[in-house]
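Features as listed in TrEMBL:
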DOMAIN    174-434  domain 'SAM-dependent MTase RsmB/NOP-type'
BINDING   264, 265, 266, 267, 268, 269, 270, 288, 333  S-adenosyl-L-methionine binding site
ACT_SITE  386  active site, nucleophile
Ligand SMILES: C[S@@+](CC[C@H](N)C(=O)[O-])C[C@H]1O[C@@H](n2cnc3c(N)ncnc32)[C@H](O)[C@@H]1O
């Protein structure tokens with residue numbers, strides 16, 4: 001389990017990933033790169049590595065709290081290698097029943113030695129053995145905000161914001177939601193296969209498949225190694241897309257022949273879904289800020305094989321006069337704080353703060369204010385974010401409706417995370433006729 005045949009152990013790879021994340025890299029991207037690079041790892045090792053890297057990241061606040069109860073040197077003063085070796089080991093002790101505590105401690109000590117910290121092996125060993133002996137006796141703070149912050153490893157400012165906006169019970173529900181075990185949601189490309197055929201094909205590959213309880217167009221899959229290894233994925237028969245995100249194009253009232261503009265489209269989930277609904281007719285223009293992002297959309301277009309969609313580089317904050325009143329449906333799935341997708345992007349919560357939250361909400365207003373002019377009279381504007389924040393969601397929608405009385409808010413919905421969906425927000429606006 002711990003050392004593969006090329007000598008790099010899964011715990012050492014997990015350490016590499018954690019150090020990269022601390023240096024500012026995105027957790028889901030580093031993990032994907034490592035899994036791609038170390039393809040020779042067994043399926044079991046890949047699952048262990050994924051769980052260890054993701055779990056240690058998403059439980060970081062709690063793990064540091066535990067370590068700091070037993071170490072005179074606090075985690076923020078430790079060398080990054082040592083603090084991440086300790087975090088990883090404490091995660092195994094607390095959350096991975098299949099790993100004996102002694103193995104977690106021994107492997108941590110060996111890793112510290114291999115990484116050049118032979119002089120600290122006694123420290124690592126002492127702290128970890130002490131934690132292993134007392135793991136069920138650790139006292140947590142009584143203050144609700146601090147308790148929730150540590151128990152769910154969520155920065156306190158986010159807890160404060162959610163308790164203020166949704167109340168304590170809902171906040172606990174949201175926090176629990178991120179830790180629910182979940183399968184991957186896929187949207188079936190009905191132009192390339194049928195639901196029955198796809199279920200048969202995936203099941204034949206040894207993948208577990210379930211119907212999605214909310215959406216007929218989606219399935220839940222689990223037990224696969226990695227996506228690119230699934231022939232049906234390479235052949236564009238499905239797209240990985242969360243249920244809440246699928247609802248954007250599904251609820252937009254797209255009709256065959258429509259012109260759809262997606263102003264923040266990479267990697268293309270909603271734009272491709274719109275193209276699929278158009279069923280070979282109409283056109284989708286999928287835009288994003290940089291050529292690199294636009295290239296991601298192009299890769300997905302080519303995998304899905306659609307011809308009624310093009311990807312274009314365009315900054316959504318710059319007005320494009322040629323697009324004025326052209327769109328039957330405008331999709332504004334805007335950059336956001338991402339607090340609804342913390343189950344997948346486990347490090348995001350540590351990167352945001354109240355200032356970045358205010359900045360992103362202001363950017364959303366600037367984009368909405370610019371792109372709304374592309375919507376035809378009687379056309380639709382779908383505003384969505386993958387976050388749970390009134391400032392970015394309901395307050396921005398309210399601001400927009402007041403500033404642009406030519407639009408009516410038809411409905412809005414905040415979706416909270418669960419085992420079958422991410423946290424997400426959608427507002428549907430209709431532009432009045434002249
Ligand atoms: C939430 S993601 C979009 C996800 C996409 N709609 C999908 O379903 O796959 C937001 C996107 O906005 C892009 N973005 C950020 N600022 C932008 C700007 N000023 N103009 C255009 N796109 C921007 C980001 O590059 C990112 O790809």
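Yeah, the Cβs are placed from backbone N, Cα and C, and that goes for glycine too.
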**Fill in**
The mean pLDDT across the domain 'SAM-dependent MTase RsmB/NOP-type' (174-434) is 96
**For residue 333 (S-adenosyl-L-methionine binding site), nearby residues of its own chain (Cβ under 8 Å, 6 or more apart in sequence)** = 245, 248, 262, 264, 265, 270, 382, 384, 385
**Asked** Do you know offhand how many angstrom separate residue 266 (S-adenosyl-L-methionine binding site) and residue 386 (active site, nucleophile) by C-alpha?
**Response** 14
**Request:** Restricting to the same chain and to sequence separations of six or more, state which residues have a Cβ under 8 Å from that of the residue listed as 'active site, nucleophile'.
**Result:** 242, 244, 245, 336, 338, 340, 341, 422, 423, 424, 425
**Prompt:** Just counting, how many other CB atoms are there within 10 A of the CB of residue 268 (S-adenosyl-L-methionine binding site)?
**Reply:** 29
**Request:** Note down the number of other Cβ atoms within 10 Å of the Cβ of residue 264 (S-adenosyl-L-methionine binding site), including every protein chain shown.
**Result:** 23
**Message:** Let's check the environment of residue 266 (S-adenosyl-L-methionine binding site): how many other CB atoms sit within 10 Å of its CB?
**Reply:** 22
